[in-house]
Amino acid sequence: MDNRRRELYLGGLCLLLHRGERAKPAFDMAMDAIGGGIKWLQLRDKEASRLQLFKTARLLKALTRSNDAVLIINDYPDIALAVDADGVHLGQGDLPIDEVRRLMGDKIIGVSTHTLEEALEAQRAGADYIGFGPIFATQTKDAGPPKGVDAIRELLQHITIPVVAIGGITEENLPDVLEAGVSAVAVASGILDQDDLTKAAEAYVGIIRG
């Protein structure tokens, strides 16, 4: 992953593609989001089979390639490699980072973290970035209690790799999260559950760009 694309995917906003309330196909949601200025997509579908994920990921990779955007696959390094995605995002229960690095070379590896200890371990193991949260209350299952913006500031005193804030981030609280110093934010329902995904994406992108 060259420096230009690393700068691109850390440009401020990651859209977490999953089955939102409107059950719109991931490809359609991705097109709408890219139309609104989003350049970083993460495919995260806990309900789909691996074959379904592969087929969706293959379509998304063609879309991101033609739009100079970045595609990260949640949980599955093999699917990420099969479709030549830009990287993979790992949970705490997934394969160890060093093993995934051996498989994926210089592709992007992100890791979900919920504590300073998890974040430090991900950094030590060679993650390219960490997701940290939930920052605010969220409906995501097993997300845990919200940590608040002050937890970001505390984390950033110890972490030198990029930090992506996740969890309950809205247009209203986004400025506070950005002010805390994160490299990017990850958003799902704040965009996916809106009537006009492109307009919602434009609103978030506009705040980030100032």
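Here, residue 1 is simply the first one shown, and the rest follow in order.
Placement of Cβ uses the backbone N, Cα and C atoms for every residue, glycine included.
Curation plays no part in TrEMBL annotations; they are all automatic predictions.
What TrEMBL says about this protein:
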BINDING   Q42, L43, R44, D45, K46, N74, S112, K141  4-amino-2-methyl-5-(diphosphooxymethyl)pyrimidine binding site
BINDING   D75, D94  Mg(2+) binding site
DOMAIN    17-191  domain 'Thiamine phosphate synthase/TenI'
Restricting attention to the domain 'Thiamine phosphate synthase/TenI' (17-191), give the mean pLDDT.
94
Could you state the whole-number distance in Å separating the C-alpha atoms of L43 (4-amino-2-methyl-5-(diphosphooxymethyl)pyrimidine binding site) and D75 (Mg(2+) binding site)?
9
Nonlocal residues around D94 (Mg(2+) binding site), in sequence order (Cβ under 8 Å, 6 or more apart):
D75, V100
For D45 (4-amino-2-methyl-5-(diphosphooxymethyl)pyrimidine binding site), what is the tally of other C-beta atoms lying within 10 angstroms of its C-beta?
17
CB within-chain contacts under 8 A for R44 (4-amino-2-methyl-5-(diphosphooxymethyl)pyrimidine binding site), separation at least 6:
L16, L17, H18, N74, D75, H89, A188
Under a criterion of Cβ-Cβ distance under 8 Å and sequence separation of at least 6, what residues of the same chain contact S112 (4-amino-2-methyl-5-(diphosphooxymethyl)pyrimidine binding site)?
H89, L90, G91, Q92, I130, G131, I166
Those residues of the chain, 6+ apart, with a Cβ under 8 Å from that of K46 (4-amino-2-methyl-5-(diphosphooxymethyl)pyrimidine binding site):
H18
Given a separation of at least six residues and a C-beta threshold under 8 Å, show me what packs close to Q42 (4-amino-2-methyl-5-(diphosphooxymethyl)pyrimidine binding site) in the same chain.
C14, L15, L16, L17, L71, I72, I73, N74, H89, A186
Site with most surrounding Cβ atoms, counting all protein chains shown within 10 Å, from the binding-site residues L43, N74, D75:
L43
